[in-house]
């Protein structure tokens, strides 16, 4: 069966925003007006189509990025809903990886908020073209023009207004379309489905002309012919202007800004038009690069059905009806359900069972998928997030994703043997779904340790364990993921000798251990010349060092940023072995940790508190008492924004404290920034606790 829509009519886009900017509501309205959803679900009633896990419906935040296919003006829209909470940044990053464009939703009252900055920077990293939708224009304090300024000052964007609001707060009733130079006004009846054109209100005519000139001048800069015509006094036609704005979005020359109120059903249809008119199709994006598995050479996979098949898995979910489903983006070629493909990342073959087109939480079985499609596959056994699936005869690995290290951990103890079994199954599924969630076993206590990106991240995982998998367990208090590192360069000469009759053991190593650049990781190098340590024993040296990395001498935390250089050694013809060198290097590293001035490192979080002015003193005093360093403060509307760097160890339970002294009016976001040395007094407390 041929494809239903040509690839140039596809728009694969995500909606990205800060928590509570109205992203899910905007998605709901898009699905409603494009005919995919017959009832509007309100987030504050816990019924939105995209927010389909129980935990999301209760908390009113979007956690998993559900992919939905819908249609507008004959174009096929694949929408990937992304979470806006900073603990779920990994989800956003995964979604951005497979998008061709994005709509950045801002709260008209709050402007560019901390998570917006984070997501914007991630979108920059993946060169995702985007348009901006200033939402909640009906809210008290909504200020469209301040939001536009924010895009410049906070994220260094290049906003160009495509619309101006008519009225604001409860007087907001429509927009001025600067391309057509018409006012668009929504009728109050009929859930915003009805709207009509009017002449621009007299008090906005001059402003509209001024902003239209800015738009036209920015657009014609992208085309010599249009620029020459404009300088001759010829305005670009509507068609030419749209083509130039589309080009600007594609090359991120500027960011078109639209406005509306999704909740009040105003401005959504023009936003859909903008998605179709300005966001790129898969053909407009640079073809994905990869590596040929047979030759190791770089290759390109063009977005065409005739190219060899390749797709990237970007999300794995456990579905109560279908089992494990893997969301994938097809980059090239086509795939039929029932075929066998190669997971080139793992070098294992997988059979594609069912292929599904997802609509938030209902699904449609399909038999084939084409370049540009976003589909869910059921029945894959080995595939994980970031893996490539490809043609078995033309194997390639597409660009891999990178995932951050977790900074917080909790211990979990099942209450019964039955719970122990359920926990094992549940954790392996959760870890497969989310690469930023790690599970390990504490060697000494035998406890199961869950590691994640923040308190909320782990709260939700525990909630899923209890609710979805019915695991009854005791949960420990959250613990900080400390690290240890050397501060001095030390040279260790260590000889391992063991004679117990028969073959003995002998290995001598001389290794320099020194601090590496912070954040650069551990490194091993051999500078052996002349065979003082035969090369077949050198892997044993590296293995011995690595085995100590997981547990330092101060409090048993992983050792980071150490460079070890093997410079000399000695061996015995009969008694030396790989194992002997492993034992020697292990002992040498332990000695180095004793002599090299080992220190504890702790995760430092970037915290932003937004508070009414009355509580500024209390907030700053409280952050200082938590060993926080205030980086600066600023006004945002009538609220004060305080930026600080605070050790994670001092941030547990912060949300309750903040709410209590601000009567619930202040809020905060935090994300990991870097590791830093723990002060001496604190370090002693930590060591005593873990001794």
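Heads up, the Cβ atoms here are built off N, Cα and C, so glycines get one too.
TrEMBL does not curate its annotations; it predicts them automatically.
Quick look at what TrEMBL lists:
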type: DOMAIN; residues: 8-283; note: domain 'Tr-type G'
type: BINDING; residues: 17-24, 81-85, 135-138; note: GTP binding site
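Neighbour density for residue 20 (GTP binding site): within 10 A of its CB lie 19 other CB atoms from the protein chains shown. The average pLDDT for the domain 'Tr-type G' (8-283) in the predicted structure is 81. Under the DSSP three-state reduction, residue 17 (GTP binding site) is assigned to strand.
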